[in-house]
Every structure is written in C-alpha cells, then in structure tokens.
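Engineer: These came from Swiss-Prot, pasted as-is:
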BINDING   165-172, 190-194, 212-215, 280-283, 343-345  GTP binding site
BINDING   Ser172, Thr192  Mg(2+) binding site
COMPBIAS  64-76  compositional bias 'Basic and acidic residues'
DOMAIN    1-158  domain 'Obg'
DOMAIN    159-362  domain 'OBG-type G'
REGION    62-83  region 'Disordered'
Amino acid sequence: MFVDSVELLISSGKGGAGAISFWTEKFVIKGGPDGGDGGRGGSVFFKVDNNTDTLSGLRGRNHIKAENGRPGEGRKKYGRKGQDTTIIVPPGTTVVDMETGEELLDLVEEGQVVKFLEGGKGGLGNMHFKSSTNQRPTYAQPGLPGITKQVRLEMKLIADVGLVGYPNVGKSTLIATLSNARPQVANYEFTTLTPKLGVVHISDYDSFMMADIPGIIEGASDGRGLGLEFLKHIERTKTLLLMIDAANYREMKYQYETLLVELDRYSETLAGRKHAIAITKIDSLSQDEVNTLTQTFLDDIGLKANDTLKKYKADMNYLSYGFKTDFGVPLPIKEPLFVLPISSVAHLNTEALRYALGDFVKNVKEETEAEEK
C-alpha cells in the first residue's frame, strides 16, 4: 500500500552517567577516584535508499529511539556508546517539525545520509573532579538527555513526467498503456486515490519515470477534492503532461486554463514547469470532430497546427502541434511543447506520445544542466 505521509516521535539516546568509583588495591587504604566517563547516547540518522519507494514500512513505529549510552565504570573504564539508529526513506522525503511546521530536511539524493538528532553526551566520572582540596570526590556528572522531536515524514514523488488532468481524463489508462504500472482503471472520478509510478521505456537503454496522480478540479489549490495532496506530489516532477478530455462537456480551452490556474495558485515553481498537452479519448469521436475541436483549441491558445510530430510517427490524419526545437533555442514555458490527440484504448498516437515525451524529458534535462553550469 502506498503511504505518502507518516507521523513519528524520534529520540536520540541519553548519555550514560559518569561513575563514582575509587581505586581499590591490596595495601591501598584510600585509593584515588577512578570513575570512568559515561558513553555518548546513540544518534538518529536518515538514509535515502532507491530500493524503498514508500513510507509504509514506518507505519506503526510510533516511537523510534536510539540506544542510551552505558554508564562509566571503575578502573577508569568508559561506558559503551549507544547504538545509532538509521531510518531508511525513499528519495523525495521531507521531514517536517510538527510543532513549528518547519521543514527540517529535504532528502533527495540516493545514498544521502544525514544526522538528524545527536545523542546526549556522556557524563564525566569522578576521576575528573579530584583537586588539591578534594582528593576523593564523590560527585560525577549525569549523562545529558537525548533530543526528542515529533515529526511528519512526507514523500513527494520524483518523476520525469507528471500526468495532470481532470478526474477520469484517462491518466491511469495512459500510464498502463505506456509503462509497466497497473493502476486501477474505472469510469468514475477519483479512481486514482494515491499516486502511481510507471517506467516508460524508449529503448533497451533509455527510459523515463511517469507519475499518475489523482485528478485535479477547480479549487484544488484550496484543498477541494484531492487537490492539495495531488499538488504536493507534482512539485518535484520535472515536466508535466496536461491531459484534456475531447469527450468532456467542458470545452478544451476551459479545461486547459483551469489546470494552469490551479498550478499557478499553488506554486510559482509549478507554474514555471514546462508542459505538453495530450487530447484524450479521441476514439469516442469521429476524426472530423476531433480535428474540429483540436483546431478550435489551437486557435484559442494562439498556436497553429503543423507536422512537427511526424518524426515520431504520429498519425497525420489528426491535427497536431509541435514546437520546433533547435540548438540554442530555449524551450517554451508559457505554451505547450506539443499538442497531440491520443486514444489509450485504441492505441492511437500512444507510441508517438512515448517518443515525443522521451525527447521532451531529454531536452528539459539538457537545458537544466546547461543553466546550472
């Protein structure tokens, strides 16, 4: 089961107490202090592991605690350090302080290890408190307490392409068609209640990750429907595929503008994501009807149909649009990279979409890397 958020009480270990002890030996009547120091308490670490894809393994573990340090002993023996605890999380996990709402950690990179809570320091044994006026001190320090925090772990999916659209627009069917994912598919709204990931293969050596995310509705950024949960998950997707239902009673321009408004209201970062458009369910209409709707939509958003997507073997009997990429020409931000009518059920233009998205992801990655240099 997918769990995208879990609340935990996390504590580092308490430091061990310093020992009060005096040297004992035959013929030694009053030996000096020899109490050793207590061991440091165990620390708590977070580690990012690509082999973990949910937070479900942490469910039920209400209190995660590192081991306390052991107390010191006589003969100046130090107490053993408490054992550290490492919490394994998937990439894309954030750690939020439940008391303040502050985001404490953002765990993204595979293999990343971060110390979260330091263990308490061990107390000093009485051997440290001998002085000229006190040869046999009877005092040793207690260990310092560990640190406890109430946190919420949130997992935000990291995918190359996030599918965005109204409920029942065909996201689950598309991801099942293009990838190895098998999301629940049915003809009613909010079939997808939790995000799903699928790997879309371009070749034996090339692939990208696609996220099927719960449908968006007007007011999603205010928390209506599954809105805020949905938007939280697409924050990290690198590109967006906006899906518009050709058979929906809402006109396509309205669907498109609603999606853009909700993205913009929720996050400037999301509003700046590069996107493409798939016009779905064209098998339920005639070719002429689809072309009429597509032409109207392109006119409404100021674009002209062209044959740019022919290189991906798109069916040219259907109108489509593709941005003509060229070396040194930045990808568009406010307009779609391409507009392609598809039918996942009839497998119409789905292979063209696969390869167009593959190039889209590649181009965005190259552009991002160039900007970071």
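The chain as shown is numbered from 1 upward.
Just so it is clear, glycine is given a Cβ too, placed from its N, Cα and C backbone atoms.
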Engineer: Which residues, given as numbers and ranges, are at least 6 beyond the ends of the compositional bias 'Basic and acidic residues' (64-76) yet have a Cβ under 8 Å from it?
Structural biologist: 8-19, 21-24, 34-44, 58, 82-85, 87, 117, 119-120, 122-123, 125, 127, 140, 143, 146
Engineer: Enumerate same-chain residues with a sequence separation of six or more from Ser343 (GTP binding site) and a Cβ-Cβ distance below 8 A; give 'none' if the list is empty.
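Structural biologist: Long-range Cβ contacts: Thr280, Lys281, Ile282, Asp283, Asn349, Thr350.
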Engineer: According to DSSP, does Gly165 (GTP binding site) fall in a helix, a strand, or coil?
Structural biologist: strand
Engineer: How many other Cβ atoms sit within 10 Å of the Cβ of Ser172 (Mg(2+) binding site)?
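Structural biologist: Other Cβ atoms within 10 Å of Ser172 (Mg(2+) binding site): 23.
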Engineer: Report the member of Lys171, Lys281 (the binding-site residues) whose C-beta atom has the most other C-beta atoms within 10 angstroms.
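Structural biologist: Most Cβ neighbours within 10 Å: Lys171.
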Engineer: If you count, for each of the binding-site residues Gly165, Asn168, the other Cβ atoms lying within 10 Å of its Cβ, which residue has the minimum?
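Structural biologist: Output over binding-site residues Gly165, Asn168: least Cβ neighbours within 10 Å is Asn168.
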Engineer: Going by DSSP, is Lys281 (GTP binding site) part of a helix, a strand, or coil?
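Structural biologist: The residue in question, Lys281 (GTP binding site), is coil (DSSP, three-state).
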Engineer: What are the DSSP helix, strand and coil residue counts for the compositional bias 'Basic and acidic residues' (64-76)?
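Structural biologist: Helix (H, G, I), strand (E, B), coil: 0 helix, 3 strand, 10 coil.
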Engineer: For Ser343 (GTP binding site), what is the secondary structure by DSSP, using just helix, strand and coil?
Structural biologist: strand
Engineer: How many Å lie between the Cα of Gly165 (GTP binding site) and the Cα of Ser172 (Mg(2+) binding site)?
Structural biologist: 11
Engineer: Looking only at the domain 'OBG-type G' (159-362), what is the mean pLDDT?
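Structural biologist: The average pLDDT of the model in the domain 'OBG-type G' (159-362) works out to 81.
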